[in-house]
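Here is the structure we will look at.
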């Protein structure tokens, strides 16, 4: 009798621990992972700040404790015409360096694709492999890039991304078009 | 008593105008950042050119008086405008800077008509300057890729201004005209 009760108690305890762990992990994932609409909002805000404040806004994009770093994501800026990284809060070693030859583990030319995506009116999403901040290995990243307009410049490109295994580029481009022009999606 | 020889303030005015115009274009084509443009704009293109402008007053040269003082003020305004953006004082957006440039384009168009009557080098400089301003206007209103075109075009403007500076200096030190400035484009 005693042993059955003990077993039950142990089972209950194990169950409680499991449930708590699962819930906490889920909550942490929710807290820790940037969402696609956050990415779009951040990228648009960064582009707007560059349009408004010009080159003087660039240092804030290089600040790892600044407004452009949130959860597990961050805004980075690059110049497709000059082939160089303009600002990267996580990788200061890349700033000022050429970008066009940068490839991911699958040999994809990341910035060539980001530059093509940024040419579209409302920007576009690109899928590639990149290291999530704090992680030891690369994972699937989907980044949204636009071209920001700034004075005395041909414009620079700004982007940010989500780390996700399931979302598709088409899905995200559609979501972005809808955010950019909600009116045309009213039916 | 022999009158003391006077210097020509245009050598400083043209020097400052040319040099700051040149470094802004080094920025516009992407060779360098905006930092040196701001400080040179305040001191050489701004302060020095403006003083040269004031000195033109006593030479009786209204064209130089207006042009050097005004473009000196242009550089000081532009530098302060960019500094204002850094410190959130009356932040000027790309469009705001575009309209600032449009006003300077209109002003330059008036001086351009005057320049046509001065000599070939002045007419060339102001024609290039006016085209450069128009290109920068377009670059700020929907054609950002023209910034680079304006960059190279305005480098030619800066060289033309330096040519006139060199004309005055060389004529003085060599005692004869070394660099021809050409006839006015509009005669009589």
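Using the three backbone atoms N, Cα and C, a Cβ is placed for every residue, glycine included.
Just so you know, TrEMBL annotations are computer predictions that nobody has curated.
The feature domain 'Single Cache' is assigned by TrEMBL to A:25-112. Marked as signal peptide by TrEMBL: A:1-28.
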Averaging pLDDT over all residues of the domain 'Single Cache' (A:25-112) gives 92
For the domain 'Single Cache' (A:25-112), the DSSP residue counts stand at 40 helix, 15 strand, 33 coil
